[in-house]
Amino acid sequence: MNCSRDTGDELMAALLAEGINLILPPRDNIAPGDLIIADPQGGARLGGWHEVFNLQLSPEVATDPGFKSFQFRASSILQVGVAASVMGRVLQALGLGSGSFSSAFSSSNADTIQLSIVAPANKELTNFDAVLVQMNEAKAEPAQGYTDRNFFVVTKVWRARGIRISVADKSKKQVDLSAKAVEELTAKAKMELKREDTGSYAFLAASQLIFGLTLREVTYKDGAIVDVAPTGPLKFRGKGPGDPFAFIGDDAFVDLPES
C-alpha cells in the first residue's frame, strides 16, 4: 500500500510541513550528515561522502529531545478502515510489525481511531552550509559512475518510541479493545500492546527508532557543489528562500535498502 503525503490528515500534514520522509525498512544506522544516493531509475540507497566525493567530512550534530519544532503529533480522527491502514504502515516504519489491522477492531465496536507519536525526538545537522564550503574548498566532484545521480544530505533524523491509539465508538465515546482485538493486534505488531491510564493503547519499542528523515539535495554544477531544488520526479517543498526540503517520489515512504 502506498501512503501519499496528500491525505488531508493532520498528522501527515505535520510530517509534510516538516519535510519528513518516512523511512523503510527501519534501521538505526543513519545519522545527520549521511548521504543518500538516488539513481535515474528512482532507486535510492545510503552511501558515503568518501565513496562519491573521496572526502571525509566533519558534520556537527545537535539533539532536540523536546522535538520543539514539531507542533502537532496527533492524527485527525480517522475511520477505522483508514486508520488501520495508516497504522500498519507507521508500525512498519517503526519496525513494530506490518499488515492490515482492520479486522482487529471489528470485535470492539470501534468506529474511529486517532493516532499519535510517542516520545518523538530528533538529531539535526547544524553545519550544512559549512560542509558545502568544505567540499568546494577541496574542489570535490563526483567520482566516475556517479555523475548522473542525485545526492541528498540527511539534515535531520527523526525518532520515536512508538505510536498511541485512541479508539471511539459511533457515539464518540472512548472504548476498550476486546481481548480478541488485543490478541490480534499484539500478534500483528509482534510486541506488547500496553493500555494506558488515559484509556489509550500504546505500541512501544524497547528504544527510540528512526521513523523519518529530512533531506537537502546537493548537486555538482559548473564546477561546484550546490544546494538546489530537486527537479523531475522528485518532490520539493520550501519553507522560504534558502530553506528547501527534498522529497523522493510521491509516496510518503522512502524505500531505502540496507545495501
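Backbone N, Cα and C define each Cβ position, glycine as well.
Bear in mind that the values here come from a model prediction, so they are computed numbers and not experimental data.
Swiss-Prot lists Cys3 with the feature S-palmitoyl cysteine, giving experimental evidence as the kind of evidence.
Positions annotated as transmembrane segment by Swiss-Prot: 70-86 (among others).
Annotation source Swiss-Prot lists transmembrane segment at 98-116 (among others), citing similarity to another entry.
Residues annotated as transmembrane segment in Swiss-Prot, with similarity to another entry given as evidence: 162-179 (among others).
The transmembrane segment annotation in Swiss-Prot covers 187-203 (among others).
On the 0 to 100 pLDDT scale, the model's mean across the region 'C-terminal region' (244-259) is 57. The region 'C-terminal region' feature in Swiss-Prot is assigned to 244-259; the stated evidence is experimental evidence.
Beyond its flanks by at least six residues, the transmembrane segment (162-179) meets 77, 83, 87, 90-91, 94, 96, 105, 107-119, 185, 193, 195-196, 198-205 of its own chain at Cβ-Cβ distances under 8 Å.
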